[in-house]
Each structure stands twice: as structure tokens, then as C-alpha cells.
Amino acid sequence: MADHDATEEQRPLNQWKRSKGGFMASMFIFVLSALDNMGFVANMVSIVLYFYGVMHFDLASSANTLTNFMGSTYLLSLVGGFISDTYLNRFTTCLLFGSLEVLALAMLTVQAASNHLHPEACGKSSCVKGGIAGMFYTSLCLMALGMGGVRGSMTAFGADQFDEKDPTEAKALASFFNWLLMSSTVGAITGVTGVVWVSTQKAWHWGFFIITIASSVGFVTLALGKPFYRIKTPGDSPTLRIAQVIVVAFKNRKLSLPESHGELYEISDKDATAEKIAHTSQMRILDKAAIIQENSKPQAWKVCTVTQVEEVKILTRMLPIVASTIILNTCMAQLQTFSVQQGNIMNLKLGSLTVPAPSIPVIPLVFISVLVPLYELFFVPFARKITQHPSGITQLQRVGVGLVLSAISMAVAGIVEVKRRDQGRKDPSKPISLFWLSFQYGIFGIADMFTLVGLLEFFYRESPASMKSLSTSLTWLSTSLGYFLSTVFVNVINAVTQRITPSKQGWLHGFDLNQNNLNLFYWFLAALSCLNFFNYLYWASRYKYKREDSGPGFKGLGEMPLNG
């Protein structure tokens, strides 16, 4: 009788799940991902030339301005994630930050179209000042905030359309992340070909205008899909829950832990709506936050639940994984800065067609657009039969493959730069073909396919229910720190090599790449990437996946080791 009543209570919920969410709802999100990413990637690969040619920054300052902008964009995704977890739902957060993004793009378009809003060339590292600088940096700041907020909420919002505890939807969730990458790749291909061609061959303001319209259409499409979405209400502040565990654990630091973890405080089993996370034996000092002292009632800031403690443990275990992927994103920053500047002084002809240098990333994007369907339709079902894992292989295995490929990409980039520079010094009128860069771009494109999807799915699946947006934003935090680290590396290496080289010139100085040693910088990153991979192996092999009921037919995620 009790089971029958429980089934009756679940029936309305199951009907609601069938009528909302799933791939029908995801289609609207895929459209936004494609249109928004079209502009985002077009800017990412070409705007360094806008900084250099129109705003009159020198080579290093152009690269640093872009990496600082991209780093800020990804860092601000944490703001979007925090707001959507705590105050607004993910749908509303996405639209709110989207409006800021469109406003910033409109400002950028106006400045690019008006010659009197361009600075005069001055021969210095930066020539923007006064009102021109005010408008320029305001548009970049608003764009970073808008794009960051969207990325901090959109991915988790899309994943919310699937129930990871339902075995059927768990498989669909794994597919969602692959098709999200596919949709963003399709948009990126359009951006680095059509939009970049318009920007570099016609006029920058027309390229920015196309991006503005595309983003506007994307956010309108997202709004139109509201009747189909599963919209989850925000919960308690993630930072507050984390702070409570740390404070209470510190207060109870002198107390002894009970012999059995069953004596620690936990939410009632009768509360079926609340997520419960099984106790783990790692970081036992945090368990002291769940000790109930004699003659005391459970109250906030006096005792925390085991689930709340495990949430903090999960985030703590994630941090070394985040840190281990920062170098990969530093490598990615070079493909959007120095590699574009390399391409700009190479032979851009493909028959009678002149190819804009920033369009060369279309090569890895085409690779990804072919590999994602093959991976999803053939590899995943095959691997799933062997491993019994919803994603075929674990998320951390995917990330590991990406880290290896990123190191190879930087090594190849150094070899290609030697060939390009030697020819440039020998006969500047006959540069090598732009398509020599396709090797480093192609290898890194495959690396990005493995790493980005692996991280997004890893952080979403492993994170507590109340921290989904904030946790997926850790992927973008890694990207942000990678861009900022790129700026640090460029400045430090320039300063150090300026002192120790006989010529007293830094590896990356001035305006002429033919007089630089960019190849040494690439090889420095390749060596660093190799060391970083072994660091990643150490942490990933020791990571314990969150223990939860994955449903019949699949092993629990905690049963899958790094090496399968």
C-alpha cells in the first residue's frame, strides 16, 4: 500500500518531466550556443588584429590586451554561476547577462565605425587615451561581464534539462555535452570564416554588427523556448554553505570524531526532496562540522549535515583538477594571439582566394565537427558496453588525453615557427603558406574537444545540486587563469631574456616576429605541459568520484578508476 501511494505521488512529477526538458528544450539552447559562439570565437581569433591595426597597440600589448580580456570574461563566469545558483534562476541569469553582452557589442560596433573614435598612431605600446580609451575599455568590460555571465549559467541550464539520476536521461546528459560542443563548433566555423572575412577584408564595424545581430537573435530564441524548459529555483548561497562548514569545523577542532560516521548529523531520510551525499573518509577534519554536541539543537553555524560537509570535500577535491588544466589554456591563448600574428605575415593565398589569418582555426573546428558525431554515435556506445559508464569513458580520462595533445601541439608550433622565421629572414617576399599552422591548430582542436567536454561534464556531474552553475564555472575559471598566466609568461620571459641574451632583446620584443624567438616560447610551454601532465596524473588517479545511485544498468561513478 505504501509503495502504491509513493507511486501515485511520483506520477505528476514523471508527467512533468516528460512534458518539459530533454532534447526538445535543448534545441533552443543549442541555437543560442551556435549564434553566441559565432561572435565570441570570431572576436577571440581576430580582435588582436583590431587592437594592433586600428587601436595601435604593439605586438605584445595586443596579445596581452586580448588575453586579459579573455581571462576576465572567463573569470566573470563565476559571477554568473553564483547568481544563478543563489538569487536568480539560470534562465533569467542568462538573459540578463545576455542583454549586457549585446549592449557592449553595439558600443564596439559604433567605435569601430567612427574614425574620430580611433586613436592616432604614436609608436608606443598603447596609444588609446581620454574619451577614446573610456569607450574602448567600457565596451570590453561590459562584454567580458555579459559573455562571462552567460557562460556561467548557460551550460548548467542546458544540463538541467536532463535528470542525471534517471538511467535513460543519464545517457542523454552525456550526449548533451557532446552536442553542445557540436553546436558551438558550427557557430565558431561560421565566425572564423564568414565574420572574420567581413571584419578583415571589408570593415571591422560590419563584422561587429553581424555579431551583435546574431547574439540578439540567439537570446530571443532562448526566451522563446521558456515553455519547454525545466527551470530549477535557486537555493541557499553556495559560499554561505561552504563558510558554515569551515567555521563550524574550526569551532569543533578540539572535539574527537565519533567511531562511526553514522553518529554524525545528517538530514532525515524522510526528506525525499533533499539531495544526500554519502560520507567519505577523506579530509576527516571537516567531519567535525557535523558533530552534534550534547544538549544542543541542530542550528546553522552550530552544526552542519554530512551532505553539507561532503559538498565542501567535493569542491576541495576538484581544485587540483582545475589547477592541472590551467597550462592547457595558456597554450590555447597562444593560438589566438601569436599564432594569428604569425599567420598575418605568411602567404595567405589559397589559389585565387585570400584567406584572413584569423580564419586558420577553421581547420581544428572542421576536425571537431567531424569527430564529435563519430565520437558520440560510434565510440561512446562501444565504450559504454565495455565500461558500463554513461559517457563511455570517465571525464578525467578525456581530460588526460587533451593534456597530452596540447603538449604535442606546442612542440609542433615551435617547429613550424622555425621554418616560418628562417624563410622570412631569407626572403621576406616569399613567405611560407599559412596552412603550415594547421598542424598546431588541428592537434590542439582535438585536445580541446576532449578536455572542454570532459571538464564540463565532470564538474556538472560531481557538483552538489545547489552548486551546479558555480561548479561548471570552474571550467571557465581554469580558462581564465590560463589567459592571465599567458600575460604573466609573456612579460616575465621578455624581462628575463632581455637581461640574459647577448642581443639584450627579449624573445617576444617589438613589432617584428622575424627578429623574435617565438619558437623558444612555444617549446617552453611544451615542456611545461609535459610536467603538468604528470601533476594531473597524480591528482586524477587519487580522485574519488561522488558516490550516488546511478540507477540500474550502470556502475556508480565512484566505481570507475581513472584508467577505466
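Every residue, even glycine, has its Cβ placed from backbone N, Cα and C.
Copied from TrEMBL, the annotated features are:
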- 27-53: transmembrane segment (TRANSMEM)
- 65-83: transmembrane segment (TRANSMEM)
- 95-114: transmembrane segment (TRANSMEM)
- 134-152: transmembrane segment (TRANSMEM)
- 173-197: transmembrane segment (TRANSMEM)
- 203-224: transmembrane segment (TRANSMEM)
- 318-339: transmembrane segment (TRANSMEM)
- 359-378: transmembrane segment (TRANSMEM)
- 399-418: transmembrane segment (TRANSMEM)
- 438-460: transmembrane segment (TRANSMEM)
- 481-500: transmembrane segment (TRANSMEM)
- 520-539: transmembrane segment (TRANSMEM)
CB contact flag for the transmembrane segment (65-83) and the transmembrane segment (203-224), at least three pairs under 8 A: no
Touch test for the transmembrane segment (481-500) and the transmembrane segment (359-378), at least 3 Cβ pairs under 8 Å: no
Interface-richest range of 27-53, 134-152, 318-339, 359-378, 399-418 toward the transmembrane segment (438-460), CB pairs under 8 Å: 399-418
